[in-house]
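Asks: Taken from Swiss-Prot, the feature domain 'Ig-like' covers 128-224. Marked as domain 'Ig-like C2-type' by Swiss-Prot: 232-314. Annotated domain 'TSP type-1 1' per Swiss-Prot: 324-379, in sequence order, evidence recorded as sequence analysis. Taken from Swiss-Prot, the feature domain 'TSP type-1 2' applies to 398-499, supported by sequence analysis. Per Swiss-Prot, the feature domain 'ZU5' maps to 654-802. The domain 'Death' annotation in Swiss-Prot covers 980-1067 and rests on sequence analysis. Sequence annotations record features per position, and here Swiss-Prot assigns region 'Disordered' to 77-100. For 1-30, the entry in Swiss-Prot reads signal peptide, with the evidence type sequence analysis. The topological domain 'Cytoplasmic' feature in Swiss-Prot is assigned to 462-1072; the stated evidence is sequence analysis. Annotated transmembrane segment per Swiss-Prot: 441-461, in sequence order, evidence recorded as sequence analysis.
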Amino acid sequence: MAVINKAGNVIALLLVKLQLILLFTLSVSGELPQLDYGSLSASLEEDAIDPLTAMAPFANSLVTEESAQHKNNAELLGNSSEDENVRPQQGSSSSGLGSSGAAGGSGILLEEFNSGKLSPGEASNTLPIFLIEPESVFVVKNRPAVLKCKASHSLQVIFKCSGSSQPPPSTHETHVDPHTGVNMEEVTATIHRDLVDEFFGDGPFKCECHAWSSRGVVKSQAATVHIAYIRKSFNQSPTSLRLELGSRAELRCEPPGGFPEPKLTWHKNNAVITADSEPGITVSAGTLIFRQVALQHMANYSCSAENIAGRRVSDSAVLIVYVNGGWSTWSPWRECKCAGKPSQGRKRSRTCNNPMPLNGGAQCPGPQIQKSADCAACPEDTQIVSPDGFDISSSKRMARWSAWSDWSICSAECIQVRRRKCLTQGQTQISSEAEEAGDLLLGAPGVGMAALIAAAGVGAVGSPSEATGSSSDIIPGYGKSLCAGKDIQTAECRGEQCQIGKDDFDWTLYLGLAFITAVCFAFGTALICCARRGIRTNPHYNMARSVMDADYMPGVVEKKEMRMHIEASNMGYDYVNPGHRYLPGEHIMGMGIGCGGVTEHHYDVPNLSANYTNPIDHLSVDYLSETGESSTADTSNSTFDMNGKLSILNASKSSTYEMLGSAGGQLRLYGGELLLFVPEHAIGKHVKKHVSLLLLSDECSRVSCATESSILCSSVVHSAPRNYSFVKPVILKIPHCLVAPEQWHVHIYHADSEHDELSVNWRRAVSVGEETINTPMFVQLEATHVFIMTEQLGHFTVVAEPRIQQPSIKMKLLAFSQHTPPSNANCSLRIYVVKDFPNSRDICANVEAKLGGSFLGESQVFAFTLNSRNLNIRVRSADVEAAAPYEHAIPYQHILSNNSILHCEFSLRRQDQNSLCVDFGQGSEDDYYTFNIPAHSMSGSAEELASTTNTTISIDRQGNYVNESCVMDFVQLPHATKRLICGALDPPRADERDWRLLAKKLNTDRYIAYFATKASPTEQILNLWECRANSSPGSSSNSVSHTIMALLLTLKEMGRQDVLDIIVETIGPLWI
């Protein structure tokens, strides 16, 4: 029987555990009914458990509390009833808890647990006890709120918030008390503002903590989460006041809206105002009260509002305390005394210093000086005339002269006139300034009246009332008899004011200037003639060292040979010369790899003077070797003896300069390929500037590129003046050698240096496509040219980096021949490989001119592909097919070394009857290019190079063209027309049919923000359009008319008929 009872007890215990597991599962899923846990715990604590009725209490509880569960599920968190019943009721008194509810029971259990009165067995059978409950908090936009909850005897603790079935982001921690073995759960929830904003239920957003154990679930008190904010603007800011000393004042401030209510604080000069720091100031809610303002209260006052969301400070209010002036006591009477006269009468004075006027306070009323009726008047030379008149007692009126008027204009008789008036005055006293001036001058005899009048500030011209003020009047019946002396003075005109008998033209001055000019011109001419004569007296300056007489160079018996075997070394000679300009290291380039047994021709370069006017035909050249092979050389480091600094403007054809003013102008080189456009009014009014434009060869400037893949793709351009900031951007047009510019990263390099400086500091000014609002330049990149808009001139060049594999650049070949005697069977042919720059031919021609060479011809421009392949050059006879060609390969790396005058040399047999063909290319022979050298070019006669035309175009103020030869070869809108167009297109429109659409139509809108930063965006766009539309000097007027017509069509497409009418009306039908 005992065994049966024991088995029954075990089964009952198992059923109880299964029931607890079921209850825990239901509670987690949200379907747990609100049970009477006190009755449940009392039933479980009975001494005897009937195995057949062990489930009865649970069944009864489930049935009786089902309706309560539905009722509680219908209520949402955040309602007022929820705050009253936040814990389940516990009804049995046998559990050790009172029947008053969960709040009281939990409080008793917490006290017993903390005091240690609760045994471990009793603790294991209790509901969870909250040690930390969440409290109401505020959440800010950028700072979330944190809620904490901690409970003992719990298996799990989570937060549940309004309007959400999922708990907020939380972190959980579990602890076990080492003394009691009680499990403790702690959870920290992070509440972001987004979660609060998403709640649209009734009442505020609330969160509560739920703790579960084997006995059931307990809810903590609800914590309210509010959104804290503070607005930016104050509802009322303090206003500035100007008050008299001792008056009462109030400053009012109403803080901006916010939650929680912002706390208001007053500040004086940014220091917080407290009752201790400012005893005379009372601070109340939003009001700052001054019982009696004092001078120490003058300050800047502001108020600040602060809450958990932030802090706001109002605008400052200035409190100005002014002081009205007060008179001091009268001084003792003293005698009236004038210089050289006995004393007569008395006077006394007082001072406006009790107190002195401060901060704009009123001056003291009334006179400063009192005089007796018989006070002696000083002579005329020390009389004082003031705007207030003279001080006269009320019993007697006295007359005084006013100040003299200004001298009149010279009459036809060369006479000037000035006048004065006899004035009288009533009760008005003399001003303090005039009296003080009179006191100072009493003892100074001989002081003129004009000085005293100037000190008193009397007007010179006007009626007596205007001179003396409103209180002055002229006594009826009295005239000039009251005043001694005359009222008019006349004088003869002085200086150059009188033009009687003088001619309009001063011949003496102009004859003197003409004489001085003639003397200076004669002196300058004599100096130039002497300088040229000194150069010609020594013919050895124009001779090579190899042809000088042995007597002139004693000790030099024979000239040493200078040979270099290309197979032995690939480095070229780096001739050292003190006058030669070079950059160490980077300018030394490797030579081309030639055939076996090949020697390179080197020349004894003649000593050249700095003056290039001497005939080049007198130069003598010796060959050091004669072979039938070819070689390559880098002539950028040739040993030209340029003693001193060679002026680029004198030594190069690639330069032009002009004195320009506000009318603007253009400077052109190489037929307009290189252009500097100075718009109208880019130079200040009444200012003229020496503007120059020149190309620098590679000898003069080398650009250190940032990366190995960077290529110098334009000539180095120097423009001046470099230290002048133009009023408007000028435009520089530079040709480049890029094929398909969109395949390259293009950069503009700039250096603020003179053209003859040895050390040039280059910097990257603009990277096309990477401009910012602070970029000082605008770059318009086109297929063949780059247009740069800038306000600062200096050195400019274009550097590019490839975007794709194997891009191409434009290059060409130039052929030159060495002058040799007709008896010589061999002739020398040098072929230069250069980039397609405008001055490439001039650079090579200058080198050849010094070596005695002549120009034979050039190839067409070809695309050199960056594919690491060498450039093969082959020279053959055009008439004899069987003749073996001369062939040479120039290494790929030598071509890309940024060296514009790399060349190879061929030594050929002279055959006057045969022409030559030069084949060149990188790939197979099918892709070779060919150009011919006529037979007569090899005969030895030098071909004159085509002269380079440098054009300077100037425009007058009305937009007319000054140079008649260039009247219609470029586009230029008159200034008046351009001004009207800018007035119509500069104002922005909602439909954007303004300067922005014009830039888009003219394809200049790549970086439109540059134009937006200028005073007139339309003017800059039109200036760039004019520069792009400029044609070469030889073009006809039809192309100019077509350009203007294209602009009219553009404006018509924009729908701006008003702008089109402006052009037609101001320019006329000439353009149309």
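Yeah, the Cβs are placed from backbone N, Cα and C, and that goes for glycine too.
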Asks: Counting only CB pairs under 8 A, let me know which of 128-224, 232-314, 324-379, 980-1067 has the most with the domain 'ZU5' (654-802).
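Replies: Answer is 980-1067, with the largest number of Cβ pairs below 8 Å.
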Asks: Top stretch among 128-224, 232-314, 980-1067 for CB pairs under 8 A with the domain 'TSP type-1 1' (324-379)?
Replies: 232-314
Asks: By DSSP assignment, list the helix, strand and coil residue numbers for the domain 'TSP type-1 1' (324-379), in that order.
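Replies: Counts, helix then strand then coil: 0 helix, 10 strand, 46 coil.
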Asks: Count up the helix, strand and coil residues in the domain 'Ig-like' (128-224) according to DSSP, in that order.
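Replies: Looking at the domain 'Ig-like' (128-224) with DSSP, the answer is 5 helix, 54 strand, 38 coil.
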Asks: Count the residues of the domain 'Death' (980-1067) that DSSP assigns to helix (H, G, I), to strand (E, B) and to coil, and report the three numbers in that order.
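Replies: DSSP classes over the domain 'Death' (980-1067) add up to 58 helix, 0 strand, 30 coil.
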Asks: Mind checking how the domain 'Ig-like C2-type' (232-314) divides into helix, strand and coil residues in DSSP?
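Replies: The breakdown for the domain 'Ig-like C2-type' (232-314) reads 3 helix, 41 strand, 39 coil.
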Asks: Give the mean pLDDT for the domain 'ZU5' (654-802) on the 0 to 100 scale.
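Replies: Mean pLDDT, the domain 'ZU5' (654-802): 87.
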